[in-house]
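Listed in TrEMBL:
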TRANSMEM  12-33  transmembrane segment
DOMAIN    17-302  domain 'ABC transmembrane type-1'
TRANSMEM  53-73  transmembrane segment
TRANSMEM  140-173  transmembrane segment
TRANSMEM  247-267  transmembrane segment
DOMAIN    336-570  domain 'ABC transporter'
Amino acid sequence: MVKRFIKYYKNHMGLFILDLFCAFGIAALDLVFPMITRRVMYDIESGIDITYIRTLGIFTAILIGLYVVKYIFNYIVNYWGHVVGVRMQYDMRKDVFKHLQTLPVKYFDDNKTGQIMSRIVNDLMQVSELAHHGPEDLFISLVMFIGSFILLCTINVKLTLIVFAFLPVLLYFAAKKRVKMAKAFKEVRKKIANVNAQLENSIAGVRVSKSFTNEEYEVEKFSEGNEKFKNARTYAYKYMAEFASGVRFITDVLNVVVIFAGGIFLIRREINVADLATYLIFIGLFMQPIRRLTGFVEQYQSGMAGFERFIELMDIEPEVKDRDDSVELENVVGDIEFKNVSFQYDDNKSILSDLSLNIKHGETLAMVGPSGGGKTTICQLLPRFYEINKGDITVDNVNIHDVKLKSLRQNIGVVQQDVFLFTGTIKENILYGRPDATDEEIIQAAKKANIHEFIMTLNEGYNTYVGERGVKLSGGQKQRISIARVFLKNPPILILDEATSALDNESEAIIQKSLEELSKGRTAIIVAHRLSTIKNADNIIVITSEGIEEKGNHEELMSKEGIYTRLYNAQFKGFIPDEI
Ligand code: ADP
Ligand code: MG
């Protein structure tokens, strides 16, 4: 783990070493002040006259010079140290996002968006803090403690040992408090997130709660989260107070130890006043390394935990890796075959078993049947969003397992029920189909999808923003943009999974026309709700959770007077059932 962490320093070694060098300098320079003060006190004790002003001037000049150097060091640590962290975090975020893009669809089924986001944003923030503050803090505090130990030993070994015997014990307790405080603040952040989520949910659902007159219930639910948030913060401040006053207490105790033990040594004439004063100045300096060292303990814990979660994500196997002998699908004609395919999402529930079907190039296969029967699943297996457990799927008689994933997916266009448009302009969204398309091609695609005229009525035309802060489009308009995308991609194989189910009749009629246009000359798999739209399909299969129940074209299926006939008649008479 630590090794993989260190790997990220590699590209920033120069800056990192500079950072550590300056951290070392800061700590070393801090030790100079008490030593010069001691020297001055010595001189004063041994008797001085007016000419001493000159010496004093020299010391002052030296100190100012050193502090200017320290100022520069501090600047470098504060700025460039953070830059190291920022750049390392950038590298990690880049790596993890790239990796995320390769993960199988299954990963996104199993993990919530919020969790994935917090790994990439919050966790890495902690990691980058540790990346530079960790070594800096460790370095500065160690140099200060070891340096002061050595310097103080040259003054009086016994007193130094007494002071440093106390220090580890006190540090241990301070570190414990600090970790507790950090945990408490983490809890606060969690509770804030809950309050936010609850707030968002309640506001979004305000019409529902009003219509059910459940306002009071909402208030109660909210006050529960609100109270937890309050309690979490109260706790956090308790630990913060314990920690902050604890650190102060440590240095106070050390001062008392020095005064008491040093006083005894003074009486015994084992130490002089100037040396005792030097001790007290050193103790005053300890506050900073104590804070840094305890901070390091906390940072190490949360930073490493964040890095562990990062590594966990990085170690998830990417979806299907192309093999060296994977072939490029070229000049696809569009013959598709499923041979004895079995599939399950999870270990315990079989979704498809021993399913076979066959679609000749240029033909249309329609799938109908009750929801949950597995139609969408079949649609997702062809572009290899999931791996089948048994059987083969072939395109142009090539097993999709032996094909480069990218070339497989480039030959398949999908239109789904829930359209997703990216935040951006309409043009960008259509271009998603083929990023190197020309403006003229985009317009042609939009025309074929029957959306060009609508786009032209918008003030900014193709440059109109869609998405959260952009214009609000109707379901039908969004669907037509997504169809334009597929027109632009121009794939030989087409999958339409309930592309019109979410639309009102009028939009459906318009979109139906563009879908028919889109299907021309392509191999198409169509899942349809409304059976009137698939009457002309070359083949129709009725799929239930039992598998393929009926198969044939419209006339054949009607003459069977089975499930299809029942479905068709029900719709024809004006009922449009979801289920059989
Ligand atoms: P249809 O499209 O015919 O309505 P689906 O293919 O969506 O049917 O679903 C078939 C079965 O697979 C359902 O029982 C559904 O619960 C299950 N299912 C669908 N998607 C997933 C998934 N991502 N993970 C686990 N089970 C799923
Ligand atoms: Mg479905």
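The count begins at 1 with the first shown residue.
The backbone N, Cα and C atoms fix where each Cβ goes, and this holds for glycine too.
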Are there residues at least six beyond either end of the transmembrane segment (247-267) with Cβ under 8 Å to its Cβ atoms? List them, or say none.
156, 158-159, 162-163, 166-167, 170-171, 174, 273, 276, 279-280, 283-284, 286-287, 290-291, 294
For the transmembrane segment (53-73), sequence-distant contacts whose Cβ falls under 8 Å of one of its Cβ atoms, 6 or more beyond its ends:
22-23, 25-26, 29-30, 32-33, 36, 39-40, 43
Confidence summary (mean pLDDT) of the domain 'ABC transporter' (336-570):
92
